[in-house]
Amino acid sequence: MGIMDKARIYSPWLYHLHCGGCNGCDIETLAALAPRFDVERFGVQLVPSPRHADILLTTGCVPKQFIPMVKRIYEQVPAPKVVVAVGSCACGGSLFYDDAPENYAILGHPDLLIPVDVYVPGCAPKPEAIINGVVQGILKLAEKRSKK
Amino acid sequence: MVDLIFTVISLIVIVPLALFLGVIYSYLLRKLSARFQWRVGPMLRMYGDLKPLLGTTRLLQPLYDILKLYGKETIVPDVSRRRLFVYSPFLSLFFAVAAIFFIPFPGMPLLSGVPYSLIIASYLLIASILFTILGPVASGSPWAAIGARREVELFLVSELGFVLSLFAVAIARQSLVIWEISSGGQSLYLALLTVTAGALMFVAMLGKLHIKPFDMPEAEAEIVAGPYTEYSGKLLGTYYLTKVFLLYGLVALFISLFLPPIATDVLWLPLYIVAAVVLVFLLTSVQVLNPRYRIRNAINWYLKVAIPLGVLNFIIALAIWLVV
């Protein structure tokens, strides 16, 4: 394993993409970053701009108004990137998702728009589960090579 | 001839050394602020069972961040002024590295003995920060523009404090050569100036390094990532590298100007390290103990506190020059 691959594993930066959830998953996500669990000990940092991120952490079922934003944010993350879907809504749309008749306002889950690499189920998942999801994301990140 | 060869070798050695020390200082900043907040921070010794996957130590965490950024895709926005956007990080890095050539390290005078090295070093530091403003302005993003504007406003006031403290020392020691200042002796009057001008320089460093309460150019809650919003990959990595060199450069400049003769002889090296760690500790304590100022409050604070302190420094320096 080269030094660049190591660096990729050692410093995963998260961008927290909230798309239309109830905020339960967001609270748990922030709890994972707060002093009790403190993922910064493994080099994980929450970054404010998607252009700085390695891991896109999405929560919530995607309302139809959010579709262009979610696509755009995904495209703004430079490769190599990994998407971690946190919570039941982000994994399968939960109670908001219907195949037929289609919900007039809710798309369902972000997998319909962007390729999701890791799913973290739970309503809301515990911080331990989110950290595990991030670790799985890091392992996937290590396999990917940058395009440029 | 021997001197020339020694200088060339030391110029080559100082770049990796400054990078290493800068990375250690940045690590300390992160680790100490984490400990202040009851967090663990990047771990010095990784848990035993995680060592194969996550490495034994994270002492070089800032370096890993930079290396990772160099391995990522670089996105250049269509609306940006491409040339300025792309070249600014590299020019900023170039000036920051050039500035550290003029600041002595224990055992290595480098170029600090050349005439007017104090002015050269301060101009190079200014140039480095100037390109952290120009690049974001060229990116075409409103967040970057707001961040850059805040940076300019902060830069104007903090620079005034920086220059006042530098020249107060220069007047008191009657020299514009960093090496002469840093190898000069100490006296009671000069120690007084060290306290007042050193405090002013410390405050100016807070503004230059974006340490709270003066971190409004990068205010994450308000303006995304401020000046660096549109930067990604190698260009962002270059800016982070510049920050590391700037941190090293400012700490080294502080020690060489205000704590002579620590930055001269190689025997002072342990004391140099202690002084640097104490300085970084003080910077961290200020960072964790303060909320963020609004830009107007910051400017008012500088105008009400820092600038009068600078004038006081000048008076003390003139008194030392004329009387002592």
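Easy rule for this one: first residue shown is 1, then count along the chain.
Glycine too: its Cβ is placed from the backbone N, Cα and C atoms.
Annotated features in TrEMBL:
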TRANSMEM  B:6-29  transmembrane segment
TRANSMEM  B:84-103  transmembrane segment
TRANSMEM  B:115-134  transmembrane segment
TRANSMEM  B:154-176  transmembrane segment
TRANSMEM  B:188-207  transmembrane segment
TRANSMEM  B:244-263  transmembrane segment
TRANSMEM  B:269-289  transmembrane segment
TRANSMEM  B:301-323  transmembrane segment
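Remote same-chain partners of the transmembrane segment (B:301-323), defined as residues 6 or more beyond its termini with a Cβ less than 8 Å from a stretch Cβ, comprise 157-158, 160-161, 164-165, 167-169, 171-172, 174, 189-190, 192-193, 196-197, 199-200, 203-204, 207, 293. Between the transmembrane segment (B:269-289) and the stretches B:6-29, B:84-103, B:115-134, B:154-176, B:188-207, it is B:6-29 that has the most C-beta pairs under 8 angstroms. Beyond the ends of the transmembrane segment (B:154-176), by six or more residues, the same chain brings 115-119, 122, 126, 129, 133, 184, 189-190, 193, 196-198, 200-201, 203-208, 214, 216-217, 257-258, 295, 298-299, 302-303, 306-307, 309-311, 313-314, 316-318, 320-321 to within a C-beta distance below 8 angstroms of the stretch. Under the criterion of 3 or more C-beta pairs below 8 Å, with sequence separation of 6 or more, the transmembrane segment (B:6-29) and the transmembrane segment (B:115-134) do not qualify as touching, having fewer than 3 such pairs. Touching of the transmembrane segment (B:188-207) and the transmembrane segment (B:244-263) is concluded from the presence of at least three CB pairs under 8 A, sequence neighbours closer than 6 excluded.
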